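The following features are taken from TrEMBL:
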DOMAIN    56-112  domain 'P-type ATPase N-terminal'
TRANSMEM  88-106  transmembrane segment
TRANSMEM  112-130  transmembrane segment
TRANSMEM  308-333  transmembrane segment
TRANSMEM  359-382  transmembrane segment
BINDING   428, 429, 430, 559, 601, 625, 662, 742, 743, 744, 829, 835, 858, 859  ATP binding site
BINDING   428, 430, 855, 859  Mg(2+) binding site
ACT_SITE  428  active site, 4-aspartylphosphate intermediate
TRANSMEM  474-490  transmembrane segment
DOMAIN    881-1116  domain 'P-type ATPase C-terminal'
TRANSMEM  912-932  transmembrane segment
TRANSMEM  944-965  transmembrane segment
TRANSMEM  995-1017  transmembrane segment
TRANSMEM  1024-1043  transmembrane segment
TRANSMEM  1055-1077  transmembrane segment
TRANSMEM  1098-1118  transmembrane segment
TRANSMEM  1152-1170  transmembrane segment
């Protein structure tokens, strides 16, 4: 027997040991209590290897096998039926089919009545079974993935499967392998105990993250032995937070060593740039963080779907009203009979039901007869239409990004039509409106500003700085820049031919063609401030050194830009480990700083710091970076020169913000040895704490980050994406309000607002910190008689602190009232939580359709709070994309996605739903009108099989293709006239009015389709099915031609399906009439259609009836559509007229001819569309 199988066989035999039910129950209760504890005590499984399960210390925790399937083979049918019966429509139709088995109320053969609902539910069950089978295959593949688990008996790591991993095992992972469970990192092949992982499978982040082995537990050497691990691991209860983890290991001597997320390898991550890593399993299977985050797809109900459910209720009310009329009519008809009609058959006792009881039974018979009034296949058709719409959106070549080889991703299959009803857009700035490709532009060092050469046209300043003074300033800033990054992966870069851009593919710094001398230039942008231009030292033609072949991989583009900027001026980051930072100076000398601790960034402090030991002075130095408002308040008591430096630096920061640059402040602090030792004790105690660890560690950071010395600040440019201004202008012309929610300074946000045309020069900016004053100002502007019939050009700029107060319960109404009067709102210095709060407040208070778009993890809350969330696959990973409903590559793609595809999806689906209701009402009413001539007896003049075929085959495909392929307006016109998008906003095309107009039209057409043949055949000797056959044929022609009127853009597919439906109708009906003699006893449909088609009267009735039935629809649809289009164009022309008044006369003359031809083109396009 294979040695690898021995432990598994022994474990299987141990598991088969018989145990009493009481012992099993007791063990289950203990296991539940162990799993529910806030803290878990875990030990190594190695001493207990081979023992039965009852003696395993970690037996209460689940194994690593996963199961994501919903069904089992034996229970699939009952569980799926239970799932489908959550839909009220299915319960309704099944209930009617069962009711048809009751003899006193049945209207058709009971077995035949089951066919429609059985077909619909069978198709749904097949779809669910296929999806669950794919989940089963995925689970089986994952559970059988090989991995290495340490065996004490074999004294080595043995190959096992993922499903064999248990809590307490030791697992080894190699480079480029996926982590099988949540592992507490104990050892790596790296001498510094570092392991790099890629978390793209969890959060979409492609940047590598650094994990560190727990210090002091294991010896970091190649001969790591898991048997040496004898500590007790205490960790928190499993949760779905991917960014936090609390744990400590207690050694035999009771010493506690704390660990956090920086020492946890998550299941699903991929190990990179690390040969091997060994970890201790703390969570397995469904308790791992990745599985706890796997909640399946989010379900959102579209606005159209909510309206649809209301209209279904109206149809139910209409059905009950018609059934009540039938019941009362049957009662009146029986009452008026002078005797007992011969066709009323008594029961075996010779008893006949009273008229009242018969009328009661007839009510349920009429429900069975007219049940098709509720469209049984509507929901399935809607799902098919949305799948087709998503296919066309995903394959639009204009929304494809060739650079990243990515197209639109549609993750929410059920809200495509909401894209055509958006009224408010909430956008992030960095990475959404801008490229998030940072370029170093300016810096301020000790109160002196140094401008990058490409900044405008700088002027020479009067003060020239000496070379050594400049280098001293540079060393102050760039050395701290190279320290204050938690993680920077460094690797040799491939040698490439010299290009215009001197750095890596990130292109964070552009080549300046630096000259050897250091020039000093003044900038006209800052009046009265000293400004100098920086130029990197020349290499004098020397060959590239090893530092030139380094490539950096940072967690954010800002960090990469600053590190490359430092390298450009001779300060090169040569190495970055958890314990050291190696910096190369312009002179070629290398300094190695010992890293003592890192105070990570958090959204509360808005800064991060690193504590190092200086290699020359041996001082403890704290370097910090962060937002200006978070740094300036921590500076030491300012006086004399320091006060002047802080004031000059603040003016420089304000200037950078007005230019739209991203700003950061840098500081240092020398810490005494005594202060460091005291602080270090508190720090270690906080890191080992299990309760309130985040608060305690933050307190220790705040304790040290005081009395800082300001060194300088930087300004980094983040360029606008291509097409952003045009997109925002088009969206605003479409009637969409665009808000920007950013964490940047107000000055930076305003500058970007002007650059992307979110703000106009003539706008009145309300930069407010007092809500009531701003609201009063806006109201005064609106009430001014001079501003009557004008749109107020008011834009609101509000900061995070004011926004916090504005979103409080007592001020929300006033804030929303103020925002309604503003054309644009810029929210600055806002947190991720505030972003989502703003979206929720506007959506709930104004009852509008909202869309949120962002590219980073800080935008996830906002994206999920909106009706539609859109993620941009940019430079900050894929978290926003993974949390979104749709994903695009650039902001400019939003223009076509909304104005074209959004409009099409909404109008197509709205018109298709209305058509479905119309079709069913028009057809069912034929049966209703017939009841007036058959004593309301529930008799049908159309064979029931043909009634089933009518909805399942003859008229099912045309409306689906109508919903997928119709184009009421061309894409060129929708992009050229964005005002047409307003057709879907607010109530839109699918509203109370259009629904009931279609219902009235259906009643009218059914009256025409019934009574014209009735008048034609009155007093003749035809039988009931001979009368019903032309009604069925006329109804088919009327319904299909009605759809032909609705179709605005004919294609070959439309022609094939419309004509194919007619052909299938005649083929199936002729075959049925020719072969089914007693298919539905006692009726006899044999040879009826063949006889009718030989009679000229049949064709004459079909033509006349169809024309009379459709005449009002032809007039109505043409007039209403033309009025709607021309109204939108009139708004467009009026708007352009306002802009036209500001154009010079010469330009007007040149463009007048073009404008005339454009309006003629629009008019002819509308006319052709109507025809």
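The backbone N, Cα and C atoms fix where each Cβ goes, glycine too.
Overlay of TrEMBL feature records on the structure.
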residue	record	CB count, 10 Å
428	ATP binding site	29
430	ATP binding site	27
601	ATP binding site	16
662	ATP binding site	23
743	ATP binding site	23
829	ATP binding site	20
855	Mg(2+) binding site	31
858	ATP binding site	21
859	Mg(2+) binding site	31
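Contacts between the transmembrane segment (995-1017) and the transmembrane segment (112-130): absent, as fewer than 3 C-beta pairs lie under 8 angstroms at sequence separation of six or more.
Spacing of residue 662 (ATP binding site) relative to residue 859 (Mg(2+) binding site) is 18 Å (Cα to Cα, whole number). The stretches the transmembrane segment (308-333) and the transmembrane segment (912-932) meet in space: the count of Cβ pairs below 8 angstroms, excluding pairs fewer than 6 apart in sequence, reaches at least three.
Under the criterion of 3 or more C-beta pairs below 8 Å, with sequence separation of 6 or more, the transmembrane segment (1024-1043) and the transmembrane segment (359-382) do not qualify as touching, having fewer than 3 such pairs. Beyond the transmembrane segment (944-965), the same-chain residues lying 6 or more positions past its ends with a Cβ under 8 Å from any Cβ of the stretch are 108-109, 112, 115-116, 119, 372, 376-377, 381-382, 384-385, 388-389, 392, 908-909, 911-912, 915-916, 919-920, 923, 1032, 1035-1036, 1039-1040, 1043, 1046-1047, 1049, 1051, 1053-1054, 1057-1058, 1060-1061, 1064-1065, 1068-1069, 1072, 1076, 1079-1080, 1085. The binding-site residues near residue 859 (Mg(2+) binding site), taking a 10 angstroms Cα-Cα threshold over the set 428, 601, 743, 829, are 428. Looking only at the domain 'P-type ATPase N-terminal' (56-112), the predicted model's pLDDT averages out at 85. The helix, strand and coil residue counts that DSSP assigns across the domain 'P-type ATPase N-terminal' (56-112) are 24 helix, 0 strand, 33 coil. Rounded to a whole value, the Cα-Cα separation of residue 601 (ATP binding site) and residue 855 (Mg(2+) binding site) is 20 Å.
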